[in-house]
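Q: Pasting in a structure now, in C-alpha cells, and then I'll have a few things to ask.
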C-alpha cells in the first residue's frame, strides 16, 4: 500500500444523471420521508420498541469499532442492570446516552451545530479507557492516521475550518431534493476530516442519525407524535469491510466515487426504513414479535403461568385494565387481579399508558421479556447477522 497523504477535495453537492442508481434511491427515500405513517401500534409500545432499536444502534456502532460485546451479552446486561459495567459495556451505554441527547436536542429542521457535535463526542468517550479521548469534546490537537487507508486526514490546524464548512453545508438552505444526499455526503466528510483524536466513527454515525431526524424522518401514530424507528448503523455493521471500502472510494473525491458512496449509504437506509416501518402495524408486531416473545418467556419459565396469561391478554388487546382480566383469571378476586397487575408493573412488564392511569400496555425494553423480543426480531430479519455473533 502506498503511504497515506492528505489531498484536499471540495465539499459539494452532486447532480446525478437521469440513469444513475442514486437517483432511484433518492426517489424511494423521498417517498418514505413524505409518507405519513398512521400506525396501529400503541404509542407506549412503540416507545418500548424505540428503546430496543436504540440498544441495537448503539451496539452496532460500537461493534464496528472493534467492541467485542455480543448482542446476548448486552441484552443480559440490560436485563440484570448490574451496577458494575466494564469498559466495553460502558462504551455502548455512552452511545445510547448520546442518541438520547440527539433526540432531546434536535427536531425536524433544527440546525446541526459544532457545539452539538462536540457534545456528542464528549458524551461518547466519557469515562472510557480503551476507546476514550484525552480531549473529550475538543478537536484533535495533533495529526492522526486512519489504519489501512490511503487518505490522511487534514492537519490539525485545518480541522476547525473544515468543520465550520461542514456545518454550514449541512444547514445551508439548498432545495429539499438535496437533503438526503447531504446525509451521505456529510457522513463521509466528517470521517474524511477525522476531527477528534478518537471516537470519530461513533460520532459520525450519531451525526447520520441526527441528520435523518433533521431532514424529517419522523412518524405520527394515532395518539401523538413519536420518533420513527431508525437504525442506520445496521447499514454499516452488516458488512464492516464493505463500509470501509466504500469510504475509501469516496476518499478519491471524484463525482463517481462520491456517487457510489451515496448510493451505498442511502440504499441501505432505505432498506432499513422499509423493514422497521412494518413494526408500526400492530397486527404484524403482535403476531410476529410480541406473542413469540411471550412464548419464549413462558417456555423458559421466566414468568409464571398467571403472568403469562395477563401479558398475553395485554398483547392481544393492546391496552388492558384490571377488569379485563375477569375472564383471563376467573379464579381470582378483584384484589388478587389488581395484585397481579401491580407485580407486573413493578417488574416493568406492564406500563400505565400515562402516569397514574389504570390502563396498561406491554413493557419489554428492560426486563426478561427483552430476550424473547430480540429473538423474534432476529428471526424476522430486523437484526443483522453480524450483530448476533461474536466479532471475528
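Placed from the backbone N, Cα and C atoms, the Cβ positions cover glycine too.
Below, the features straight out of TrEMBL:
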- 194: active site (ACT_SITE)
- 243, 244: ATP binding site (BINDING)
- 112-267: domain 'Fido' (DOMAIN)
- 65: site 'Important for autoinhibition of adenylyltransferase activity' (SITE)
Q: How long is the line from the C-alpha of residue 194 (active site) to the C-alpha of residue 244 (ATP binding site), rounded to the nearest angstrom?
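A: Residue 244 (ATP binding site) has its Cα 14 Å from the Cα of residue 194 (active site).
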Q: Sequence gap of 6 or more, Cβ distance under 8 Å: name the residues on the same chain that satisfy this around residue 65 (site 'Important for autoinhibition of adenylyltransferase activity'), in order along the sequence.
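A: For residue 65 (site 'Important for autoinhibition of adenylyltransferase activity'), the qualifying residues are 131, 201, 202.
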Q: Relative to the Cβ of residue 244 (ATP binding site), which residues of the same chain, six or more apart in sequence, are found under 8 Å away?
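A: In sequence order, 148, 149 meet the Cβ cut-off.
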Q: 194, 243: which of these recorded positions has the sparsest Cβ neighbourhood within 10 Å?
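A: Among the recorded positions 194, 243, the lowest count of other Cβ atoms within 10 Å belongs to 243.
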Q: According to DSSP, folded down to helix, strand and coil, what is residue 244 (ATP binding site)?
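A: Reduced to three states, the DSSP call for residue 244 (ATP binding site) is helix.
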